Structures are given as structure tokens and as C-alpha cells.
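Novice: This is the feature table in Swiss-Prot:
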BINDING   Cys17, Cys101, Cys200  [4Fe-4S] cluster binding site
BINDING   His46, His79, His129, Thr170, Ser228, Ser229, Asn230, Ser273  (2E)-4-hydroxy-3-methylbut-2-enyl diphosphate binding site
BINDING   His46, His79, His129, Ser228, Ser229, Asn230, Ser273  isopentenyl diphosphate binding site
BINDING   His46, His79, His129, Ser228, Ser229, Asn230, Ser273  dimethylallyl diphosphate binding site
ACT_SITE  Glu131  active site, proton donor
Amino acid sequence: MTMPPLTLYLAAPRGFCAGVDRAIKIVEMALEKWGAPVYVRHEIVHNKFVVDRLRDMGAVFVEELDEAPTDRPVIFSAHGVPKAIPAEAERRNMVYVDATCPLVSKVHLEAERHHENGLQMIMIGHAGHPETVGTMGQLPEGEVLLVETVEDVAGLEVRDPERLAYITQTTLSIDDTAAIVAALRERFPAIAIPRKEDICYATTNRQGAVKAIAGRIDALLVIGAPNSSNSKRLVEVGRAAGCRVAQLVQRATDIDWEALQGATAVGVAAGASAPEVLVDEVIAAFRARFDTTVEAVETVKERVEFKVPRILREPAETP
């Protein structure tokens, strides 16, 4: 039987960023150093495939610190945690490893610096997302105001419009954030801006890669988890760039083939916590149904690497 022809455009960069790669290594190295179980507060990264693999290796995922026993190591997820969490771990004499992405930690330090200078913070982010919760939790209650949309800016009640600074979640839509920043600067001309863009290089690059293929494709598949902020933003970027069909899928089994009927060119992108093995799985699913040509479209090369914490590079103490 002759299969219909189809071109798959693979957006690059895609998949693991340096922060995700580091966080996964931290769990693997902790298991190697201390043995199982090692506890992880919240999913280390937002990807079921990754979490399930680490669980099989002996990681135990919990949502709150008090679910972890005091005599086993605990790891904080890549998204970051409020200051109260490591303080509580220290109070309980727990061994803990902070897997917060260094680019998220940079935003935390920025917030603290502005706070020390007497500025009230405005955070652009998604309510309830672990990264937003962690960043807002670096400062005392009420010191960080959250905005999610341009409309939110008009309703902000600030202490002093002359003493403000803004920070952002690292995984936002670049275009949406630019609109919110413009609204903030219009309403509060004196607002202090970040020294360097808070939205991370990987988020920026993956959104740019989707825009680069959008004009060539009939549909877009983004491989990522439904609770992954950066993956959901890729779907939105694709739609905004004119992709009539844009699906978020965790695995090849999630693909809505009916929605792809008549498509001859499909784009494939992957969120920052999606492993390349899932991309390969999607390509194989297309090859089973179409005479598939695969074309990689790379917009930039990524060479960022982050070191794991010193505690994991030191040998385990012998009793």
C-alpha cells in the first residue's frame, strides 16, 4: 500500500535545557551517592516520562517537605522553592540538595536585591505555578504583586509608584510578556527593569524555533506535559504564528490523527523538559502512517551547561 507523503519539520533547539539536564543529573547522582530512596519535593521537572524513570530508579516524589522522613536526603525541584522550605529542612536537620535552575535563582537574587533597596516587586507570571510560588516566596508576604495579563496592570495597587521593580517567570511567552512590560512601563514610568531578560535562553530559543517553522507547516505538535509552562507557551506561539492545528502531546499515543487529515507538512517541537526519545517516538509514529521526510530546522546552537552542587561532587562520608 502506498503511504501519503508528509514532511516533518523538527524545530531546533528543542527538548532538554541546561537547567532540566542539571536537575535530572542531581537526582541520578543523589541516588548513586546515598542509595534509594531519595525524596524529591514536587516533580523534579514537569515531564511524566522523566519522573516515572526516576521513580523506577528509587526517587520518591512528594508535594510537601513533611512527607519526607528526616533521615533521607531530599531534593528541591528545578522550579525553585520559597525560602521557608530550605529553612524548614535545616530546622529538621535534613540533608537537602537544591536543584533550582540557576537562571531561576538569578531571578530570586534580583528580587532580593531590589527588596534590600526598598523597592516593591511586581512579578509577571502564572498564579500557582511552582516557579512563581518559589520566587514570590523569597520575599515577605505582600512584597511581591503578581500580574498575569495586561488587564491586571490597571488594577495594581502599589505602595509607591516611584519605588517599583519587575521580574518575570522564566518560561513565559516572549510576546505576551513584552505587552505586559509595556503596560507596566506606561503606568509606572519609574519602574526598574531587569539587568538582563528574565525569560531564559531556552524558552526564547524554543519559541523562536517554532516561529521559524510556522510558515511551512499545516499543523504543529509540541511534545510536553500539560503542567509544563514552557510547553504550553510553544502551542500558543504556534497558534499565534498561524498554525491552525497545534497540539500538546505527552507521547505519540496522544496524537489526534483526525485533526491532521490532509496535512502534508507537520512541525514537531519539544518543551524544555521533554527527552529526545519522545521525539523519536513521534517520528516513528508518522513513519508508520506516511512516506515521511524529516527536515531539521535549527535557529541557534545551545552550548549552556550548569554544574551540579558541590555536595554531589564530593565522595559520600563513610560511617
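Here the Cβ of each residue, glycine as well, is placed from N, Cα and C on the backbone.
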Novice: Can you figure out which of Cys17, Glu131, Cys200 (the recorded positions) comes closest in space to His79 ((2E)-4-hydroxy-3-methylbut-2-enyl diphosphate binding site), comparing Cα atoms?
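Specialist: Sorting the recorded positions by distance from His79 ((2E)-4-hydroxy-3-methylbut-2-enyl diphosphate binding site), the top entry is Glu131.
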Novice: Which site among Thr170, Ser228, Ser229, Asn230, Ser273 has the most other CB atoms no more than 10 Å from its CB, taking these as binding-site residues?
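Specialist: Top count of Cβ atoms within 10 Å goes to Ser273.
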Novice: Taking the Cβ of the residue listed as 'active site, proton donor' as the reference point, list residues of the same chain whose Cβ is under 8 angstroms away and which are at least six residues distant in sequence.
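Specialist: Same-chain residues close to the residue listed as 'active site, proton donor' (Cβ under 8 Å, separated by 6 or more) are His79, Gly80, Val104, Gly125, Gln169, Thr170, Thr171, Ser229.
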Novice: Quick check: with His46, His79, His129, Ser228, Ser229, Asn230, Ser273 left out, which same-chain residues have Cβ atoms within 8 Å of the centroid of the dimethylallyl diphosphate site Cβ atoms?
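Specialist: Result: Val45, Pro130, Glu131, Thr171, Ala225, Asn227, Ser231, Gly271, Ala272.
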Novice: Here are some binding-site residues: Cys17, Cys101, Cys200. Which one has the most Cβ atoms within 10 Å of its Cβ?
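Specialist: Counting every other Cβ within 10 Å of each candidate, the maximum falls on Cys17.
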Novice: Cβ within 8 Å of the [4Fe-4S] cluster site centroid (Cys17, Cys101, Cys200 excluded): which residues?
Specialist: Ala18, Gly19, Val20, Ala78, Pro102, Leu103, Val104, Thr170, Thr171, Tyr201, Ala202, Thr203, Ala272
Novice: Within a 10 Å radius of its Cβ, which of these binding-site residues (His46, His79, His129) has the fewest neighbouring Cβ atoms?
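Specialist: Ranked by other Cβ atoms within 10 Å, the binding-site residues His46, His79, His129 bottom out at His129.
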Novice: Which binding-site residues (His46, His129, Ser228, Asn230, Ser273) fall within 10 Å of Cys17 ([4Fe-4S] cluster binding site) by Cα distance?
Specialist: Ser273
Novice: Take the C-alpha atoms of Asn230 ((2E)-4-hydroxy-3-methylbut-2-enyl diphosphate binding site) and Cys101 ([4Fe-4S] cluster binding site) and report the distance between them in angstrom, rounded.
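Specialist: Rounded to the nearest whole number, the Cα-Cα distance is 14 Å.
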Novice: Quick one: what's DSSP say for Ser229 ((2E)-4-hydroxy-3-methylbut-2-enyl diphosphate binding site), helix, strand or coil?
Specialist: helix
